[in-house]
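Here is what TrEMBL records for this protein:
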- 41-289: domain 'G-protein coupled receptors family 1 profile' (DOMAIN)
- 27-49: transmembrane segment (TRANSMEM)
- 61-82: transmembrane segment (TRANSMEM)
- 102-120: transmembrane segment (TRANSMEM)
- 141-163: transmembrane segment (TRANSMEM)
- 204-226: transmembrane segment (TRANSMEM)
- 238-260: transmembrane segment (TRANSMEM)
- 272-291: transmembrane segment (TRANSMEM)
Amino acid sequence: MERKNLTRPSEFILLGLSSRPEDQKPLFAVFLPIYLITVIGNLLIILAIRSDTRLQTPMYFFLSILSFVDVCYVTVIIPKMLVNFLSETKTISYGECLTQMYFFIAFGNTDSYLLAAMAIDRYVAICNPFHYMAIMNLKRCVLLLVLSFCIPHLHSLLHILLINQLTFCASNVIHHFFCDDQPVLKLSCSSHFVKEITVMTEGLAIIMTPFFCIIISYLRILVTALKIPSATGKRKAFSTCGSHLTVVTLFYGSISYVYFQPLSNYTVKDRIATVVYTILTPMLNPFIYSLRNKDMKQGLMKLRHRVKCQ
């Protein structure tokens, strides 16, 4: 699209993962099953946890909320993406773009805070097993949950307000498959120095706070596990953390690759890396937590049995 002098464009064009017409239907055929698997898989995790009394613990409480947030997270991105695969215009209105960006940032950061809450839960369970239920009581779980939602949503609101102050006078073509922060910033012709400074200060603090909670929790877990005399005890301690560590590695690894670099370096490779934490990680979470967790396997089997009996 030709360049125009605009203060605020009425719409953007999402270029997507590929601009070639012959790629659109195959991409639709790939991402529709991914979306359905993600939604169904995470809903099954929620139903299994809610229907099994043995899974009514803080760990599974946070896992069920994580599954709910993952469903919301992919729903913010994939449905519009699927529509664009089959559409010739591939447009998104200015307001819809900012709304999508708001919920993408909010749910993405909520994921990281929930992962931190789960790491704290594992730390208490392994390092203070006799006081676990007293420490991780309902009041503290609700407090962690409220913080996991409030901080990301306030953080997201700040960034949307800063984006809304920018002037867009360049092309309105977003080289991405959704309204992400970095590609939209590249379209602005006004100074986004304040926005970039905010990203590298407030944004970094918001992202790194849960990450450091996870690191500190696992360092304490490692120290405690190494003090366990038996090899069986060590394996049991580490086995309860394996699924969580796998998800944390996938999530933070791809985010670090995409966002902790200068805006000018944002490339096609970053779009592919974004697919990992926005789409693949939420899809893999149910498999990671169910295949490596005996209690979740039994919970899912019970759920399946109940459905068959009805």
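Yeah, the Cβs are placed from backbone N, Cα and C, and that goes for glycine too.
If you count C-beta pairs under 8 angstroms between the transmembrane segment (141-163) and each of 204-226, 238-260, 272-291, the highest count goes to 204-226. The list of residues near the transmembrane segment (238-260) in space but at least 6 beyond its ends in sequence, with Cβ under 8 angstroms from a Cβ of it, reads 108, 111-112, 115, 118-119, 122, 125-126, 182, 199, 207, 211, 214, 218, 221, 225, 270, 273-274, 276-277, 280-281, 284-285, 288-289, 292-293.
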